[in-house]
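Listed features, source TrEMBL:
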type	residues	note
TRANSMEM	12-32	transmembrane segment
TRANSMEM	110-133	transmembrane segment
DOMAIN	116-290	domain 'Amino acid permease/ SLC12A'
TRANSMEM	145-168	transmembrane segment
TRANSMEM	189-210	transmembrane segment
TRANSMEM	245-262	transmembrane segment
TRANSMEM	269-288	transmembrane segment
TRANSMEM	408-428	transmembrane segment
DOMAIN	409-687	domain 'Amino acid permease/ SLC12A'
TRANSMEM	448-474	transmembrane segment
TRANSMEM	494-512	transmembrane segment
TRANSMEM	548-566	transmembrane segment
TRANSMEM	572-594	transmembrane segment
TRANSMEM	606-630	transmembrane segment
DOMAIN	817-1081	domain 'SLC12A transporter C-terminal'
Amino acid sequence: ELFLKPASSDYSIYGIPCLFFPFVSNFCTFFLPGDGVARESSPFINSAEMDRGNMYEGKNMALFEEEMDSNPMVSSLLNKLANYTNLTQGVVEHEADEDSKRKEVKVPRMGTFIGVYLPCLQNILGVILFLRLTWIVGTAGVLESFIIVFMCCACTMLTAISMSAIATNGVVPAGGSYYMISRSLGPEFGGAVGLCFYLGTTFAGAMYILGTIEILLTYISPSAAIFKAEEVGEETEAMLNNMRVYGTCIIILMAIVVFVGVKYVNKLALVFLACVILSIIAIYAGVIKTAFDPPDFPICLLGNRTLSKRSFDVCAKFTESNNETKTTTLWRLFCDSSLLNATCDDYFSLNNVTEIQGIPGIMSGVLADNLWSAYSEKGSIVEKKDQPSVAGSEDTKMGGLPYVFTDIMTYFTMLVGIYFPSVTGIMAGSNRSGDLKDAQKSIPTGTILAISTTSFIYLSCIVLFGACIEGVILRDKFGEAVDGNLVVGTLAWPSPWVIVIGSFFSTCGAGLQSLTGAPRLLQAIARDGIVPFLQVFGHGKANGEPTWALLLTAGICEIGILIASLDSVAPILSMFFLMCYMFVNLACAVQTLLRTPNWRPRFKYYHWTLSFLGMSLCLALMFICSWYYALIAMLIAGCIYKYIEYRGAEKEWGDGIRGLSLNAARYALLRVEDGPPHTKNWRPQLLVLLNLDSEQLVKHPRLLSFTSQLKAGKGLTIVGSVLQGIYLDKCTEAQKAEENVKALMGVEKTKGFCQIVVSPHFRDGISYLIQSAGLGGMKHNTVLMAWPQSWKQTENRFSWKNFVDTVRETTAAQQALLVAKNIDLFPTNQERFTEGNIDVWWIVHDGGMLMLLPFLLRQHKVWRKCKMRIFTVAQMDDNSIQMKKDLQMFLYHLRLNAEVEVVEMFENDISAFTYEKTLMMEQRSQMLKQMQLSKNEREREAQLIHDRNTASHSAPAIKASVAAAVPEKVQMTWTKEKFVAEKHKNKDSNVSGFKDIFNMKPEWGNLNQSNVRRMHTAVKLNGVVLNKSQHAQLVLLNMPGPPKNRKGDENYMEFLEVLTEGLDRVLLVRGSGREVITIYS
């Protein structure tokens, strides 16, 4: 039916006619017609109906037709990219929302000037310039103020360079700085810095509101104050309470304005900006005017002390009118009556009242006096340095006298903290990145121009203030000496009110903008889903307004307002902004140094050294401003970081920190030597071999529990498993298996890597894992596996043959082997043993692994309360007393606490039970061999085994006497005669015993004597172990090696089974032969 369709058929898959997909004819027939099925979800692939061009394209590209369903054609990709528009990603208002349903959304066309330069200018120039800059110049002096401003401006300029590099490295959606940092440094840093930036913006809102109220109550309408100072010295407290009440009212009002409509705030933004620019022009105009016509602002000085003119009008002690001397208001403030013979303040009597000009003008040379700093204690009087003064008695009470006092203690670092907020706001352009015509060009140009402009304004203002205004006025924070005028206002032309009204509106606007921007930033973080408890703030009104985020922002803002002092709030937001800028610089430096392939910024004038310098400067400024605030801010950021790391959603954003981790890992791997580590550094690096069932689930989860108990998160753990089949067929199953294993590793808290191998033969897969797992110096040295419980069932795929071969391979690879028997009886990580023993049966020394394992296990909570006991076996010709002493000394040197016991095993008759066991084993072995060998071959094989075992019979006895001292020094408990007699007696009894036994069951005589001897050892050792360790929580045993001749493999399994019979939890240990424990430090 497919070939009967006409050539012009409209049915296509991804733009390629169904003609080219004969194998999906049914799909084409049933699913493509109609509009019920979405054809493509990828943003890059054109899902338009197929046209003739597409059909030919498909024919030309027939070679690639099978890849078309996953990889788009280049032409369709480019077509999609060309149509990509970075639409406004701000919040759409209700009206705009309605309009957009009727009209097509227009692409925003904001250029560099409107979109970046002006917003940055408006955000940077603010409350500090009008309210605090004159005071900073007066207190720190022109030179130190210049240093403060230069440091802060350098910090923001370097940050802007780094930000420009990040902003021009690809399309930056809305979200600005948060988006840039989170995508460059990862979700943890992004979340921490995003929240810091949010808190900074919120506290900035509080600072602007406090500035607004300060202007209102101090300079516009002092009578509006609710709280009045009833007693002397309560003025500051009353002012702070007024701030709190008015601040709370204003924040409620502003929150309502923002809630009702952001567009009104945005429309007013230009008005607020005009106010700022007009105010600055007024300042420059005033400075020029002072050169030829300084304004008249007289200051009243008593001696060298500045007097506050709020309480009096005439600057004199008395006035003469009609030849009559009258005392002034000033006299009455310092004396107890208005009479000329009244008792007056000591200092008042000794010093004259003088009047000087507050603004002598730029040509007056006052700059020389203002060059140096004049820091002071809290409550000290503002004094003019070179004015004559006679000191009065010190016990006079200063309170209540009309002096100008300093309200806080001043010092260099504190001024840095107060000033820094006036250079923040450089992110304003990047926060609008969604609305720009060409963000990659506009952001760097606009931001750097704005910083250059504002830096020039600030630096020139410092010099001009110092050159025009008298020092005592500069240090007079609230302008009390100039009739309560704003100090900057006194300099301005045509009137101080230009500055007062301009600064009032600009601070109002800045506060509104902070309350608009901060909730959106919080909403962006909440919608990213990296901080789970912030999810609720991602929601808002139907039109996307972040209602909940606005409420939280207003709440945090209220905290700033309750602090009430502008000078206390400023350092707080300095911290948060500095931390944000520090991470912007770090992001740029990391990306540059890593040389990530995706790091290709269009902005070329950056260098990692500049970013690093910027980062260092930010960190230095944090601690300069206030070391304890810096530590608190870092702690907050650290807590957020750890919280996101612990609870946050796993996000893969291709961030720099992931790249940094990869680089560090590569560097470390190359540094680690490929050879074996020193004995002191040796720890079991595990390869855990898991069995999976048909559903790809782990059969023995307790093996992973045991792994985490043994490792306690240290060293390397690779969890491996093998799927039988061909990889092409099994790749999805392998993926599923890996997910299951990783999930279980997470549950069992096993820190490590997972590796699933698909192999045609199960046996080969395990071999591949043992050979190739790990990388470079990070390779495993120990294999952990479970004992195959059902090895006697021939249909079991992990049969005894695979097991024995694995044992052989670990030996060949010089790796240690741990086999956990009865693994399902092992404890989970939640269980706790309150008592019991870990028993070690040390029969042959193979590197000390047996000693090390219990020590490592006892580090874990499960095994912590268990005691360690070490048993060793003494043969007939060993001195057991000396062995015990030597072993205790050996353990003492190893710094291990353990009980020591030497168990004596004498040669005695081989029991009927042993013969019967061996007979059963051999009969079973015969059945397993399918009678393929001829009789001669079987005899030859038996002879070979017999010969080999005869040769190596004495080896275990030699190995067992490891801790024994030099023979000459040993005081034997056996005499030679006694030993010989015992041997002869045993020999005779053995001969007679054999005869008796063979009489009982004649077929026993045909048994392989090598197997009988081995079975005898297994039975005897099992009896001894059961006698001592039946109730131990865990028994560790030396695992004997498999026979070199592979014909006896199934017998080997039987020996191990007999050896461990009756024991609950057994760990068979086979060392790699190299020393893993040492007595040396």
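Just so you know, glycine gets a Cβ as well, placed from its N, Cα and C.
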### Summary
Near the transmembrane segment (494-512) in space but 6 or more residues beyond its ends, with Cβ under 8 Å, are 122-123, 125-127, 130-131, 204-205, 208-209, 211-212, 215-216, 219-220, 250, 254, 257-258, 265, 268-269, 271-273, 275-276, 278-279, 282-283, 285, 485-486, 488
### Message
For the transmembrane segment (548-566), give me same-chain residues lying six or more residues beyond its boundaries with a C-beta closer than 8 angstroms to one of its C-beta atoms, as numbers and ranges.
### Response
127, 131-132, 199, 202-203, 205-207, 209-211, 214, 240-241, 243-244, 247-248, 251-252, 255, 258-259, 515, 518-520, 522-523, 526, 536-537, 539-540, 572
### Task
Using a Cβ distance cut-off of under 8 Å, indicate which of 110-133, 145-168, 245-262, 448-474 has the most pairs with the transmembrane segment (189-210).
245-262
### seg_contact(the transmembrane segment (448-474), the transmembrane segment (145-168)) with at least 3 CB pairs under 8 angstroms, min sep 6
yes
## Note on the structure
Top stretch by Cβ pairs under 8 Å to the transmembrane segment (572-594) (candidates 110-133, 145-168, 606-630) is 606-630
### Query
Looking at 110-133, 145-168, 269-288, which one has the highest count of Cβ pairs under 8 angstroms to the transmembrane segment (606-630)?
145-168
### Task
Could you tell me the mean pLDDT over the domain 'Amino acid permease/ SLC12A' (409-687), as a whole number?
86
